[in-house]
Amino acid sequence: MLFPRKRHWSMPLSGKILTMFTWLKQKILLFVVFITGAAVLMVEVLAVRILSPYFGATIFTVSSVLSTILLALSLGYYYGGRLADKFPDKKYFYSIILLSGVSIFILLIMMVYLVPTIGYQLSIISGPLILSLLLFLIPSLLLGTLSPYAIRLLSADREVGVGQISGLVFFASTLGSIFGSLSSGFLFIPLFSQKTIIAVIGLVLFMLGTVGTILSVDKKIRAKLWWVFVVAVTLLLLFSYQVVKADGRQYLVNDDGWYSQIKVFDSTLEGRPARYLQLDHNSSSALFLDDQSLVFDYTKYYELHQNLVPDMTTALVLGGGAYTVPKKLLEESPDIIVDVVEVEPKLLPISQQFFFVPESDRLINHVTDARRYLLETETRYDFIFSDAYNTLFSTPDHLVTSEFFTLVKDHVSDNGVLMINSIGSLTLSERSLLMSQIKTLKSVFPAVKVFAVQGRGSSALQNFIIVAARDNSILDDDKLPEYYKNHLVNIDRFDFDQYQVLYDENVSTEHLLIPEFKKFVIRDQFNGAEALLLIKKQLSFGPRFVGSSGHQELKAFITRELNDRTDNVITQTFISSEPEKSVELANIIGQIYPDKENRFLLITHFDTKQFADQDRSIPSSPVPGANDGASGVALQLELIAELKETLADKSYGLDVVFFDGEEIQYGQRADWIPLGSKYFIDHLDDYYSDKNIAGVINLDLVCDKHLQIYSEGFSQTQASTLNQHIFSIAEELYPQNFNSERKYDIIDDHYAFIKAGIPAILLIDLDYPQFHTTQDSLSQCSASSLTKVGNVLKQFFITE
């Protein structure tokens, strides 16, 4: 029997081609999603590096970038789904890709021309979020619409469930994101500049979107669109080249390193040729080309080792920069071995080529993290110099903790020293990275000294050199040259109980740096917030009337502050001549540039009233004296901290005088003059016989929240030129707070000078409801008011 032959059904050729074409279309769509997913993550990785030069790679920068990208993707998913249902057509899908490419080019333009202009004008805290939204929201939003759009398009082309299609699309998109993240970090950023990468991303998206759009439209108009495409791509290539190369300075090196953008350029400083290494926008190292000496003052402090460890044979430098410090160490001794730990592998070759660092067997370079190196090595060093904190805005958490300093201590020889370059300010703020860092070091090393590079009396942001050793004898003051002694900070001025010891588990450098970020933003303004802290410090002593324990504590506090903030301190002790009661009083005088013949005097009183005679409820209680007493003291202390360096080139010196006994008034005699200022004038020749007092400014009641300072009568009539000058500045800056109209005639500390024929004026806000009451507390004071008065005085002294 013959069995019938089985039929073998075969698909016609046209059907096979159609199936293959459908499969190809689906795979191409998934590939497009892969590319756009990669683009999102590449932009995200680059975003932190784009913003870091202006705000640092802080938690604020990272959080702002991540939040912006997530917000953009969320909005993109939402609106992408709605658009896909309304316009389920590939030409719209590819048009969005085209627009995303255009938005990337707009990002490139803003990155090159806008961000450098406004970056430093924005807050360190809010600035990253503002620029993240401005730069990255729209490109990421457009790219975020593509995944739901692709799901909708694929659902129409195949008989597969939406769940499976969604899985495929998100698989392709996420895989692309992984590729974008890894390729950015390991391939593109080390090899190409940020601008080049952004330009390539924009070009790829533009070409992908344009080609897809052309293939999705009617065949009749495709030919014309291809010509438009060729012209557009050509123009974009030319445009990208111009933008990527745009830079006003000629650089010897302009390269993206693993961690920052590296630039080397020549310039002049003080009429001398100098060469700079710039990491992002921070000048990391520099030397003079004529003699290869170091430019930055803080780098010269490494020379302290010559006094503290004269016979050292081993040195470790954490953070190479331009390797200028290792270079100097090698030049000093033919026997020394210098290990350098630097995370950026490109810096040593650059330093050898452009900063004259020799190739030497005695310079051993380690491309690794400082903490990891210390964990792996057993070498102990006579000298460790740490310069690993790139900028104020980029301080690695793991290099400021007790665990790190303990690790460092294990590698310091018995007679060796650790030297750290840090950035911060001398502040009374309870939140301070510098102060916490010092406290942490003190908890690990028995001996710690701090040098303020700009000046120990300055409250400005500056470099600090912190030196630590195993024994106090190693850091004996007698070993220090006079120059370094003058920059040695008396850290006993500060209450370290309010600062935390930093541990790996609790450190957050960004939050500790918030006061410094704010100080950086207002660096050209008087720091009223710091002055307010000085008021708070005075109030912590309690009542400060003559004879009280708080009065004694305040005198000691002012003296300590003046020892660091001025060049010479004089204490004028005397017994009051009041017949009703004799008490011992003391005027305290701080002099800046005391050798200059012409002098200006800032004066205030520091004592407060024993009885709140204007208080209807409890007139027998002492006055807290936040405004009446503490405000003048605080403003003068902060002002000299900010002005001292400015006054170096002036023809005059400045004295700050703190008078005692202003609030003692026995009886109401018409000829009464405050006791401290009266004694000062009576004994003026003791200190000013060969000086000329050009003017006196008396500060009293200057922190009221509702500041209103009118011209005082005696000031206006007896010191009209000085008074008019001050009020012309004040009314121009703050017309709502200063009024040159005469309102009161007041006998204050300035009156004794007027009686002696010395031009003196009084700045006072006497319209103060809490005057001589128990309500004269910190809550009535305003940092803003202190800033305004401080700015007026700064402007006066700068222009005088």
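The backbone N, Cα and C atoms fix where each Cβ goes, glycine too.
Per TrEMBL, these features apply:
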type	residues	note
ACT_SITE	Asp387	active site, proton acceptor
DOMAIN	314-469	domain 'PABS'
TRANSMEM	57-80	transmembrane segment
TRANSMEM	92-114	transmembrane segment
TRANSMEM	120-146	transmembrane segment
TRANSMEM	167-191	transmembrane segment
TRANSMEM	197-218	transmembrane segment
TRANSMEM	225-244	transmembrane segment
Pairs 6 or more apart in sequence, C-beta under 8 angstroms, 3 or more of them: is that satisfied by the transmembrane segment (120-146) and the transmembrane segment (57-80)?
yes
If you average the pLDDT over the domain 'PABS' (314-469), what number do you get?
91
Listed stretch, out of 57-80, 92-114, 167-191, that has the most CB pairs under 8 angstroms to the transmembrane segment (197-218):
92-114
Specify the count of other C-beta atoms within 10 Å of the C-beta of the residue listed as 'active site, proton acceptor'.
23
